[in-house]
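Novice: What TrEMBL shows for this protein is this:
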type	residues	note
ACT_SITE	GLU146	active site, proton acceptor
ACT_SITE	TYR158	active site, proton donor
BINDING	ASN151	acetyl-CoA binding site
DOMAIN	45-191	domain 'N-acetyltransferase'
Amino acid sequence: MSTAHGRPQAGAGAAASGLARNGDSLVGAEDGCRAPAEAALGPPAELLPMTPEWIERVVAVEQSAYSHPWSRRHFEDTLAAGYHARLLVGGETLMGYYVAMKGVDEVHLLNLTVAPAHQGQGWGRLLLEAMDTWARSVGAQTAWLEVRVSNEPALRLYERHGYRRVGLRRAYYPAARGVREDAVVMCCSLEEPPGCRR
């Protein structure tokens with residue numbers, strides 16, 4: 001599922017998070033977060049830092065997932081700025097990724113994408129949980145994101161994860177035929193684990 005797709009801004013962050021096979025499910029090595037059962041049926045996966053060597057493959061996934069994708073330059077700039085960027089890799093397959101930036105006591109999820117071939121299998125939730133783990137480890141109390149008003153699957157994912165709609169950015173995203181699309185602004189408290197949020 002392709003989801004958050006914000007605009008890069010200034011910020012920094014870095015912390016690795018790993019996933020390991022544990023029985024029939026994936027478990028986040030840092031905080032014990034479980035992937036959905038359907039994700040566990042897929043290939044073993046791990047979270048790796050996004051590095052320049054991966055950019056070509058990241059851009060290919062980005063272009064396959066969006067009508068108005070980030071450019072190669074977007075990803076290069078995020079790495080140069082020191083943003084927290086992680087890849088979800090299963091074997092040799094790039095299954096998804098996220099990019100987030102750290103503020104004083106909050107994080108902003110700029111891009112969370114699952115490759116089309118792996119959508120609907122629970123990997124989006126796993127990426128969100130990994131981002132949460134990192135965010136809490138750097139002292140963030142709140143996470144923010146923007147998502148297209150038309151992206152109902154992403155809106156459902158975020159709401160199930162504890163995000164709530166708090167605003168609307170008019171004409172935020174480029175869209176077809178030169179028009180622009182509104183963005184839903186969402187936020188989530190990081191004070192409690194995802195399973196405990198209401």
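The backbone N, Cα and C atoms fix where each Cβ goes, and this holds for glycine too.
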Novice: Take the C-alpha atoms of TYR158 (active site, proton donor) and GLU146 (active site, proton acceptor) and report the distance between them in angstrom, rounded.
Specialist: 11
Novice: Summarise the domain 'N-acetyltransferase' (45-191) by DSSP state, stating how many residues are helix, strand and coil.
Specialist: 53 helix, 58 strand, 36 coil
Novice: Per 10 Å Cβ neighbour count, which of the recorded positions GLU146, ASN151, TYR158 ranks highest?
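Specialist: It comes out as TYR158.
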Novice: Summarise the model's confidence over the domain 'N-acetyltransferase' (45-191) as a mean pLDDT value.
Specialist: 95
